[in-house]
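Enquirer: Here it is: the structure, laid out below.
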Amino acid sequence: QQLRQNFYSNVCPNVENIVRGAVTTKFQQTFTTVPATLRLFFHDCFVQGCDASVFIASTPNNQAEKDHPDNLSLAGDGFDTVIKAKAAVDAIPGCTNKVSCADILAMATRDVIALSGGPSYAVELGRLDGISSTSSSVTGKLPKPDFNLDQLNSMFIGNGLSQVDMIALSAAHTLGFSHCKEFSNRLYNFSPSNKVDPTLNKTYVAQLKLDCPKNVDPEIAINMDPNTPRAFDNMYFKNLQQSMGLFTSDQVLFTDSRSKATVNTWASDSTAFEKAFVTAMTNLGNVGVKTGSNGNIRHDCAVFN
């Protein structure tokens, strides 16, 4: 997949600064920009590759990816960040319609990570935008909150990502929020013998029950990291050590012996975690990349040319 750094150096040499400027403005307006953009990148790449197909609006003849139930919770701020950055790029003579929506999303994702205290890294570019987007293509392609380690590994390996990549990318849950309905079974209806998931920290359970009472509005959202929800850091792994992983798919990284050592290492070594995260994000950005006649550069991220 011929991605490379400085891909646009001859056509739009200042593209990274233009995107960063637009992303920074959006970030200053709302912190949701950060988790929304990061999650959007993941949801895009895991369905038909990193090709901005998640942006396409549905038409009477086609229900697109973004209208699949698994994508309905994607926050509008992620889409808006990329659309604003695309407009800023296209406003520069020489750059107009030269930079793909898929690459702008990859750059914007790197920028929101850095803006929230995470590592900055050189992003590889050269993706084309996809020419297909269907709701049906999403089914079974995204991890579920109740996945065990085997299910997580199988889904990530299917995209060419290792267990180490998977654990690193899971730490995106150090930012952003989730809706009560995604984990309420762990509080009230876990199994016939245990109403509450026994792997959950008791104090954390009490707090979650306050935030998400039994018949709460399913759209109520709570922070995924109760300690530093606005910082990109290694707190996610420290929380797992305290049995404070919000999803079963988070906590299993600590309860399963095959992944526990990695969690412990990164909980105590943020530098090692950040290095692994950059590698994982680079690998994620290579998934299913479109080149040649398999894609193009969209004029409008939400509409096929």
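Each Cβ is built from the backbone N, Cα and C atoms, and glycine gets one as well.
Heads up, TrEMBL stuff is auto-annotated, nobody curated it.
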Enquirer: For the disulfide involving Cys95, grab the partner from Cys12, Cys45, Cys50 as TrEMBL records it.
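Expert: Disulfide mapping in TrEMBL sends Cys95 to Cys12.
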Enquirer: Pick from Cys45, Cys101: which cysteine does TrEMBL list as forming a disulfide with Cys50?
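Expert: Among Cys45, Cys101, the cysteine that TrEMBL links to Cys50 by a disulfide bond is Cys45.
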Enquirer: Most Cβ neighbours within 10 Å: which of the disulfide-bonded residues Cys50, Cys180, Cys212 is it?
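Expert: Answer returned by the neighbour count: Cys50.
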Enquirer: Give the sequence-ordered list of residues that share a chain with His43 (active site, proton acceptor), lie 6 or more positions from it, and have CB atoms under 8 Å from its CB.
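Expert: In sequence order, the residues whose Cβ lies under 8 Å from that of His43 (active site, proton acceptor) (at least 6 apart) are Val54, Asp70, Asn71, Leu74, Leu142.
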Enquirer: Among Cys12, Cys101, Cys212, Asp225, Asp233, these being the recorded positions, pick the one whose CA is nearest to that of Asp44 (Ca(2+) 1 binding site).
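Expert: That would be Cys101, nearest by Cα distance.
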Enquirer: Do me a favour and check the Cα-Cα span between Val47 (Ca(2+) 1 binding site) and Arg39 (site 'Transition state stabilizer'); whole Å is fine.
Expert: 13
